[in-house]
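Enquirer: Grabbed the feature section from TrEMBL, which reads as follows:
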DOMAIN    2-373  domain 'Amino acid transporter transmembrane'
TRANSMEM  20-43  transmembrane segment
TRANSMEM  77-95  transmembrane segment
TRANSMEM  115-132  transmembrane segment
TRANSMEM  144-166  transmembrane segment
TRANSMEM  178-198  transmembrane segment
TRANSMEM  210-233  transmembrane segment
TRANSMEM  253-281  transmembrane segment
TRANSMEM  293-312  transmembrane segment
TRANSMEM  318-339  transmembrane segment
TRANSMEM  359-379  transmembrane segment
Amino acid sequence: LQGIFVLGLPYALLHSGYSGLLLIVLAAALCCYTGKILIACLYEENEDGQLIRVRDTYEDIAKACCKKLSPSLGGTAVNVTQVVELIMTCILYLVVSGNLLSHSFPYVPVTEKTWSVIAFVTLLPCIFIRTLKIVSKLSQLCSLVHFVIIFVVITYCFTQMHQWSWAKFRLSLEFENFLVSVGVIIFSYTSQIFLPTLEGNMKNPGEFRCMLNWTHFFACILKTTFALTAFLTWGEKTKEVVTDNLPSFLETLVNLCLLTKALLSYPLPFFAATEIVYSCISNDSHSNYRSPLLALTVRGSFLLLTLLMAMFTPHFALLMGLSGSVTGAAMTFLLPSLFHLKLQWKKLSFLEKCADISVFILGFLCSLAGIVCAMKGLLEVFG
């Protein structure tokens, strides 16, 4: 999920300067922390003081927090938020796929929307995905393609070292552009939606915190290196998607790799969204919700929904920014810190409480700033 945002990191540095480098490190630390406290909410101590996993999903955590008020309302709110973010992510991959195909084959007389339909056809087998094992294999291939893209861009940048100059970094910042940079950097790390399922499927869940530390550490190193080398190479000419700065022969190669990555990335949020719907159906009905016919119907409906929205939603990028500011910030910062405070208040130290409250406030400010920027863009577009 991080690939699309990673390609915008050099552009984020263009508008954030030296502070952008600090933000990349800070965002890694914050997202790693909220991932840990979210998983901590899945556990409770038994009579012997041992931690026992008593919850399985984000929804279960929300229900536990809203137990006195309305468990069903809390669970429903979290499920709706998750599904909206996941579906918007799937749509984004379709839109990006159409855009990449139109740029890779500019001489073919086909519109960008038609290319999106062609990309959609290749995703039809997603209807038959029933287990996380298949998704994990596709995600491994996706990660491999991602590293190829990063390697190609960084290698080219190192061939241009003679052009590098630290003078390209800005010292003065424009507040609105800086907020855009903050959004790009923070949401290049988000993965909280998938963490409960991931931790639950690990052979040794006790290694989860260690895994989270190392993955965020290496992600931070890789993203800092990528963003820094690319920005030092192109400076003020850095484009929103840095691959557009590459020479034409490399740009086409990387665009095709990005297309492969987008198509391989689609199954994960798609699978997660359908699993949430399955869980809701199983709670609301005594029928066998895993029946093949119902499974095909739900997956087929989700696939069709993503295509229709990719084809007919005007100004999708701005809409994605608006929904992402709400759902992304909520799932990444607001809810993990709020749930952790609610469920673990008596066990938390003063510093841990301060950390959770600080993360909540920061997440709220980021969300508010993102909403304001997206609404301003929508108002400008619609006059």
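Even glycines carry a Cβ here, placed using N, Cα and C.
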Enquirer: Cβ under 8 Å, sequence separation of at least 6 from the ends of the transmembrane segment (293-312): give me the contacting residues as numbers and ranges.
Expert: 87, 90-91, 94-95, 98, 113, 116-117, 120, 123-124, 126-127, 129-130, 270, 273-274, 277-278, 281
Enquirer: Return the stretch with the most CB pairs under 8 A relative to the transmembrane segment (20-43), choosing among 77-95, 115-132, 144-166, 253-281, 359-379.
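Expert: Looking at each of 77-95, 115-132, 144-166, 253-281, 359-379 in turn, the most contacts to the transmembrane segment (20-43) are made by 359-379.
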